[in-house]
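Asks: Here it is, the structure, as structure tokens.
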Amino acid sequence: MSSMAEVEEVAHEEQHLEKRVKKKGKHDKPKPWDDDPNIDRWTVERFDPASNPTGMLDRSEFSTLFPQYREKYLQESWPRIESALKEYGVACELNLVKGSMTVSTTRKTRDPYIIVKARDLIKLLSRSVPAPQAIKILDDEVQCDIIKIANLVRNRERFVKRRQRLVGPNSSTLKALEILTNCYILVQGSTVAAMGPFKGLKQIRKIVEDCVQNKMHPVYHIKELMIKKELQKDPALATESWDRFLPTFKKKNVKQKKPKSKEKKPYTPFPPPQPPSKIDLQLESGEYFMSDKKKSEKKWQEKQEKQTEKSTENKRKRDASFLPPEEPVNNKSNNSEDGKSDITELTYSLKSKTKELKKQKKTHERVNAEDYIAAPSADKPSKKSKKIRD
């Protein structure tokens, strides 16, 4: 009997499994609209209130806190926010005592997702996004992302530098990112608020995280996005890989200065000697046993000695300004022995030269010029004598 019961149980289980499989396969059947080329599955259809005529079954509510410096601005722009939410049947409340904003559904609410959009609206307002820009989040095509960047860096100075790197000079980096991603970006405090399509928000999150974590500079991301934008225009490259066109940036690790290692002292098992206390020093000097009168006299004497030392030092500094500057000393004394030998040689050579000059002068005085002039011969008569004869 037991064997028969077991067989029946197994058969029952198999039938149950067959039923499950059949039920699962029922939903996997091809539908007539699967291969319809006229249907675009990526478009977000605008919500029609006629599709939900009865409204919401239960009340949904979201609230968020805002900083104190935003209180005045929110108070001024609250009527505009209230009127924008009223169109979608959403109630909103500004509590200045608690410092909070609250949004909730009403009986007039028809769109079930609008409460999530209203929640994003109050989040953006608390992160210093202007009210006209924040109200755009209520459109179906616009999404938002609030990126927290404070926890990505521990050092405060590095965090401020990297946040400024993301903004760029005169907000030029942010403007370039806004144009390339079709998103609105606002850097405020420890968060980055972004509004736009899903694709742009995904790109911005990666760029912000890479910048704050020091993985890649935003300028390189901008170059990459510009190349991709140009490649999108070419339909021939739609099915090809773009890796050969995109630049590859290698991170250059700058060598940091190594901290100077302190010399380790030799290990000794004994602790260092205990410094003497104030009472021990007084016992050594004998001051501990002195009376209060003598102690005060000693202190006064020490004070007087310090004053005299200080006054003499100040006087010396004042007198130093009246002293004449020292004249430069010749370095002849250092080379005295070498100098003496050189001087003797010079004097000897000068004396010898003067003697030679004197001898030459004497020889010039003794010379007679007539000795060197040739005398006229007696045979040849002169011209004057010839004339007289004639």
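In case you wondered, yes, glycine gets a Cβ from its N, Cα and C as well.
Below are the features I grabbed from TrEMBL:
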- 9-18: compositional bias 'Basic and acidic residues' (COMPBIAS)
- 19-29: compositional bias 'Basic residues' (COMPBIAS)
- 30-40: compositional bias 'Basic and acidic residues' (COMPBIAS)
- 250-263: compositional bias 'Basic residues' (COMPBIAS)
- 292-320: compositional bias 'Basic and acidic residues' (COMPBIAS)
- 60-140: domain 'KRR1 small subunit processome component first KH' (DOMAIN)
- 142-233: domain 'KRR1 small subunit processome component second KH' (DOMAIN)
- 1-40: region 'Disordered' (REGION)
- 250-280: region 'Disordered' (REGION)
- 292-390: region 'Disordered' (REGION)
Asks: Can you tell me which parts of the same chain pack against the compositional bias 'Basic and acidic residues' (30-40), counting only residues 6+ beyond its ends and a CB-CB cutoff under 8 A?
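Replies: Hits for the compositional bias 'Basic and acidic residues' (30-40): none.
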Asks: Tell me the residue counts in helix, strand and coil for the domain 'KRR1 small subunit processome component first KH' (60-140), as DSSP assigns them.
Replies: 40 helix, 17 strand, 24 coil
Asks: By DSSP, what is the split of the compositional bias 'Basic and acidic residues' (292-320) into helix, strand and coil residues?
Replies: 29 helix, 0 strand, 0 coil
Asks: Please average pLDDT over the domain 'KRR1 small subunit processome component first KH' (60-140) for the predicted structure.
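Replies: Across the residues of the domain 'KRR1 small subunit processome component first KH' (60-140) the model's pLDDT averages 94 on the 0 to 100 scale.
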Asks: Per DSSP, what is the residue tally for the compositional bias 'Basic and acidic residues' (30-40) in helix, strand and coil?
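Replies: Going by DSSP assignments, the compositional bias 'Basic and acidic residues' (30-40) contains 0 helix, 0 strand, 11 coil.
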Asks: DSSP says what for the region 'Disordered' (250-280): how many helix, strand, coil residues?
Replies: 3 helix, 0 strand, 28 coil
